[in-house]
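Colleague: Let me begin by handing over the structure; questions about it come next.
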């Protein structure tokens, strides 16, 4: 089985190839080419992209599920019949899917708590079940195991969200261009007259250099494909063969050209207009141009609108008159400059992404947002000043308390000094005048001994009789 290639990019399909698109399992279409090294799938831009990709990777390891997928039709996918095949995958696969879902629920809880902490006071009790219901790519009622309902929800949500990707990308690019123009005008208004004229002259020169580039071929035209055939594939342009060209650029050998494989064909044309080394070339505009080129080819070649170009569709497009009749190229139709939306033969530089009215509303939105931020900044400044004043009062109270404690310590020390006996002239201790000279009474235990000692006075020596000196 060939490598699945950029699987996540194939999530942009309608229900006919819904699950094949989401899982991007390559179909058996004749002898496969030599397996190419697996490459990392591009980011879909969905907030649950990692969870989606990990589920895809796990399901691809189960042979039973892959077999049922290849045999599934549109009705099986829309009715949820294929999702129920999840009950027959191996226990090892189900265990991995359960763990992936628990990790995703945990991640969503963390996101919710971070959002709530940023919007309100912390330590608020959250009803996670109610909050998780806003996420539609999993079943919030069962937060521990991955069931058929989870797979069905994941497929439906990813398909819907990614189907809106192009429109969201165009809207984001429009806002980017309006912001760029808004900042340019504000910058010019800030300059003096002479400086403004010089800045405008420099801008016109940059725009002139940007417009001076080789002819850009219409995407999907014979001239454009032959240029790729010759310069990228290194083949003789006189021996151009559409079928061989298709096989060469079906990178993952799944029998179709997906959106990434198509966009790779436009690189040569884009390099004629955009150079990252040039100051005047905006790489953001280049990516918008690449998207528009792909949309143009899909509109004219993808007849069943499944966002995949089959060999039959590709060969049929090469038989149309438009395939060889490219006129003056991708930017030829100058009469359509004021059209309400980009046309198939205009580059981004020729057709502004916005109108003056849209720019005016955008600038009003910016002004309102700026006023809101300024008001918030002022409130924060006032709160900071109030906190500073409060801090000053606390510091003053702290100093007063410290001074009071110090005074109490000093008075205590003075009292101790007054009650202590002063030393005599020779350093001996002197007692206070009012101190009694009475002996200190002995303890009760010694009082009895003292009384006994008083009763037992020491024996006096016996009196000697006086001698009668007259008889001597």
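Cβ atoms are placed via backbone N, Cα and C, with glycine included.
Just so you know, TrEMBL annotations are computer predictions that nobody has curated.
The following feature annotations were taken from TrEMBL:
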| type | residues | note |
| --- | --- | --- |
| SIGNAL | 1-24 | signal peptide |
| COMPBIAS | 190-207 | compositional bias 'Basic and acidic residues' |
| REGION | 190-218 | region 'Disordered' |
| DOMAIN | 237-272 | domain 'EF-hand' |
| REGION | 380-472 | region 'Disordered' |
| COMPBIAS | 446-458 | compositional bias 'Basic and acidic residues' |
Colleague: Could you break down the residues of the region 'Disordered' (190-218) into DSSP helix, strand and coil, giving a count for each?
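Modeller: Secondary-structure breakdown of the region 'Disordered' (190-218): 19 helix, 0 strand, 10 coil.
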Colleague: Would you list the DSSP helix, strand and coil counts for the residues of the domain 'EF-hand' (237-272)?
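Modeller: Its residues fall into 23 helix, 2 strand, 11 coil.
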Colleague: How does the model score the domain 'EF-hand' (237-272) in terms of mean pLDDT?
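Modeller: Average per-residue pLDDT within the domain 'EF-hand' (237-272): 91.
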